[in-house]
Amino acid sequence: MAEGGFDPCECICSHEHAMRRLINLLRQSQSYCTDTECLQELPGPGSPTGGDLTLPMIIMGWIVLALALFLLRPASMRRPGISNKPNSPFNMVQIKKICCIGAGYVGGPTCSVIASMCPEITVTVVDVNESRIKAWNSDTLPIYEPGLSEVVLSCRGRNLFFSTDIDSAIKEADLVFISVNTPTKTYGMGKGRAADLKFIEACARRIVEVSDGYKIVTEKSTVPVRAAESIRRIFDANTKPSLNLQVLSNPEFLAEGTAVKDLTEPDRVLIGGDETSEGQKAIRALCEVYEHWVPKSRIITTNTWSSELSKLAANAFLAQRISSINSISALCESTGADVEEVARAIGMDQRIGSKFLKASVDRDHWKKGDDQAAFYPHGDHP
Ligand SMILES: NC(=O)c1ccc[n+]([C@@H]2O[C@H](COP(=O)([O-])OP(=O)(O)OC[C@H]3O[C@@H](n4cnc5c(N)ncnc54)[C@H](O)[C@@H]3O)[C@@H](O)[C@H]2O)c1
């Protein structure tokens, strides 16, 4: 026992003796009245109520001071691309610049709609294909979609840019969409069946090579389940101390011919990410981009694998409907029924719905050897 200390185990002491020792001990603390009779608390330094609150009050003071300094720190001390929203003290990620790699049927229209809906966000769509980029910058866009040229004209040169300078766009972006093609493999394991991720992987290598600081990298392409793992593996193998890359999955559900409507009034937006706090922060940042025009109730957030699989499962369900109506079409031909009349009659049943009940020669949205194989990462499906 330290000198002058009070040891309750010294039970040989009388109660009175013990009390005296306790009072002596308390006297050593400047926080208490020296009147042995009253033991009343005196206000301690920095404490309006009592000395025993001094330490918590000091700690609270430091926390408040640290928080104030953190919030008021100059922009130069903040991580590039990240800023604190005025009302959110806990380092929310705010997307100011987006880069989309791949100026095709998905990347072009998707990013044009994002730019038109989010005038404060700068969107740069990049591609290795110079003629495609030239066309996006001309009066004759490389693809036709109803309403697309109006959307592009409303923001091109303002906050929407098309460029072949891929590295600069990646470097400057807070969020990078990977929206490149995922064709069927023509070599190696899964040849003729599995999706080829070589373009996605090339993008991942480019991103990690030219990036610094924090970035959200988002799969937009239709990929096999767990493709995000391959991207992360490339990031991890090439990481640098200054780098923090978060991977999200945000598959696109647009259909060619109705792309602008599908993008401006989507049935749902699906965003998948890590279940860690960093992952959730990245998901929130992307949600905020879509919330400019999509009701919150239509933005679904999941883990990464559910998001990747949901896109493939949606395509599979749509393909089943086309296969079903094609079978009915064959039956119509042999019975004299009209497939369009049958489709209308069954489609008005709300449990079935009217969409994707058009008989067609091929299985349109079920790109055999592409989406089908994508269920099986190694192309080993039956
Ligand atoms: N087309 C659709 O209706 C549709 C709908 C939903 C999802 N998807 C999926 O979206 C993805 C993209 O489809 P798309 O139709 O836009 O493809 P696309 O072929 O029209 O465009 C892909 C673009 O990516 C570019 N590219 C490839 N590798 C590159 C690299 N390393 N750096 C820069 N640019 C590169 C190509 O030059 C090309 O212009 C695919 O995975 C597809 O399955 C397509």
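A Cβ is built for glycine as well, from the same backbone N, Cα and C atoms used for every other residue.
Curation plays no part in TrEMBL annotations; they are all automatic predictions.
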Per TrEMBL, Phe253, Leu254, Ala255, Glu256, Phe356, Leu357, Lys358, Ala359, Ser360 bind substrate; matching candidate in Lys198, Lys296, Lys311: Lys311
TrEMBL annotation, NAD(+) site containing Asp127, Arg132, Thr182, Glu256 - matching residue among Thr218, Thr222, Thr276, Thr301: Thr222
Of Asp127, Glu256, Ala359, binding-site residues neighbouring ligand 1, Cβ under 6 A: Asp127, Glu256
Cα-Cα distance linking Thr222 (NAD(+) binding site) and Lys311 (substrate binding site), given in Å to the nearest integer: 7
Proximal residue to Phe253 (substrate binding site) among binding-site residues Asp127, Arg132, Thr182 (C-alpha distance): Thr182
Rounded Cα separation (Å) that holds between Ala255 (substrate binding site) and Asp127 (NAD(+) binding site): 21
Protein Cβ atoms within 10 Å of Lys311 (substrate binding site), excluding its own: 23
